[in-house]
Each structure stands twice: as structure tokens, then as C-alpha cells.
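Peer 1: Please find one structure pasted underneath; my questions will follow.
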């Protein structure tokens, strides 16, 4: 017995200790540049000739307004799923769509693709576009935005920012991310590659949570597209080239808080009753006839005031407008005489001033003849 125990201890000591990552050894194809590890190969039915072991099924509900469209487009959906060996059913009574595997199904992941197809159809994606999800290189993401913000008005405004005027913002995002985007109600449905879907989810969440406007994301994506073209910047960090936007907080007007009334332990003063008011005015001691007569007089006075006011309004339409007072022609004649006299006096002053200037400019040497020199004759204008 002792010998057997000793042998067992020797065997246990000779066993190699277990360690993690023993299979993480370098493989010869790890550094092969010809292998594209991101490429998704198309499924070949020969990989799974035996088919599925059990039946898998998925079902989803659809809104009432989609019933008419789905009934029209269902033959197209059915024929597309039949190629992959998937059976589908449209239940109008329950308002649901169901997909399930059959004996002919070979691709084990196609049932998940079929589930995404009926989800997209229920979220108002057109059937020709939704059928593209069955391709291996296509994925989808349904982003729930209804529970991100409580205020309904803010939610509608931010959702409109995502769509943009005439859907311009949405079209720009589709071009830059390479994804199909549809904003419907409280969800955003997107179809495309994994990289594009990741960008779309980030843009949508930032827009609804008011972190960044989609226009700034579009600018960043455009710059990234340009940087991708440069092979020298392939392995460098692009943060220094990308713009950094800071959120601006707009100052809101301060609401003036009303001053609260001081709480006092004493109750408010009691308001006088109708009897108290009548006692003060003396109406309480009047008889019923006198009270009625007084009311009738007050009513008559009000009516007279009202009729007088209405008459004033009616008479205002017949009041002639004020006429312009024409001045007498004699006043115009006097004014014209004064102007003519002033003009004549100005002309006389101008003539006198001209004569004085001519006398000042006279040169005496022109009129004094020197010895032996004849005075020069003035040239005629004809010469």
C-alpha cells in the first residue's frame, strides 16, 4: 500500500502545471499581408449540409398603419426569404410578423438576419431596402431615442435638427457614413457596415442629448475623408487636424420671483356682507318700491349716457374736414415786387464792384510813351 501511494505522488509531481494562454502561440499566417481579416466571406451551403437541428423562430409586432403596405409587399418578402430556406408568416389579427427556420435552411445566422428584416419592416423601412439586410456585408441598428429626453417639445426640435431642412442633414450623413438612415417616431433605423453604424449611433445620441449638433459631426467626417486619402497620415493620430467644438451656454433670462407674503398667525380681516354695505348707504331701510325706483333711475341714466355716446359716434361721420385757407393774390404780388427789387439792387452792386476792379487793374506804363518808341497798336480781333 505504501508503495502504491508513493507511485501516485510521483505521477502527480510529474504532471505539468496548467497555465493560461498556452494556445496563444504565434501562427505562421498571423503576419501574412495577403490575408484580409476584415473581409466577410459569403456563406457556402456546403459548409452545413446537414441543416439545422431544431426550429428557431422570431416574431415582432407592427403598427396598424403599416398593415396595408405589408400586405402588398409580403409576396416580395416571402420570395426573398424562400431563397435562404426561411418561412415567414403575416398575422393581421394579432398584428405580428413571424420568421422561422425550415429543413432547407443551411446558414445558421440567416434567422438573425430575418429577425432584423421584420424589425426594419415594422419601423417603416421600405421592403426593397429592408431585404438588403439578408446580404452578408449588411448590418442594421435600431436606435431608440424616445426615452433620451423627457420634454416633448425639445425632443421634436432636436429630432428635426437630425433631419435638417428638406432632409439635407440626413442625406449628408448617409453619404459620409455609407448607411441608410430613417427617422421614424421614437426610433432611428440605420443600415450599413459596422463602422458606419457606429458613427451613426454616436451622431444620433449626441444630437438628441444636445451634446453636439449634427452639422459639426458632418464637418469632422468630411475632414476625416480628406485625411484618409493621404498615405503619409495613415498611422498617425488625427486629433491635431480635427476641430474641437465647445458647447456654448446661452444665458437665459432670469424669471423674477414673486415675493411671498409673510405668514401671519392672525386670520385676514372679514369682508363686509351685502347687508353691511346697505346699512352704510342707507338702502337697507328703504322700501321695496323705492329700491326698484332707484334701480330704474340708475338704469335710465346709463341708457342716456350710452345713447349720447352712440350719437356722438354717428355725428362724427358728418363733420366736414378742415378746408385749406387760400391766401389773397395781393400778398403774392407784394412778395414778387420785393423779390424783383432785391434782384435789381444785387445787379447794381455787381456792376459797381466790376468797375472798381477794372480801375485797380489799370497799368500806367501802357499809356506812357517812351522816347523813340511808338505806341503799340492793339491787334484787331479779325487778325
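Residue positions begin at 1 at the first shown residue.
Quick reminder: no glycine exception, Cβ is built from N, Cα and C everywhere.
Copying in the features that TrEMBL gives for the protein in this structure:
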| type | residues | note |
| --- | --- | --- |
| REGION | 1-35 | region 'Disordered' |
| COMPBIAS | 15-25 | compositional bias 'Basic residues' |
| COMPBIAS | 26-35 | compositional bias 'Basic and acidic residues' |
| DOMAIN | 56-136 | domain 'KRR1 small subunit processome component first KH' |
| DOMAIN | 138-229 | domain 'KRR1 small subunit processome component second KH' |
| COMPBIAS | 249-261 | compositional bias 'Basic residues' |
| REGION | 249-276 | region 'Disordered' |
| REGION | 290-332 | region 'Disordered' |
| COMPBIAS | 298-316 | compositional bias 'Basic and acidic residues' |
| REGION | 350-383 | region 'Disordered' |
Peer 1: Which residue counts does DSSP yield for the domain 'KRR1 small subunit processome component first KH' (56-136) in the helix, strand and coil classes, in that order?
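Peer 2: Per-class counts: 40 helix, 17 strand, 24 coil.
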Peer 1: Return the average pLDDT for the domain 'KRR1 small subunit processome component first KH' (56-136) as a whole number.
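Peer 2: Mean pLDDT across the domain 'KRR1 small subunit processome component first KH' (56-136) comes out at 93.
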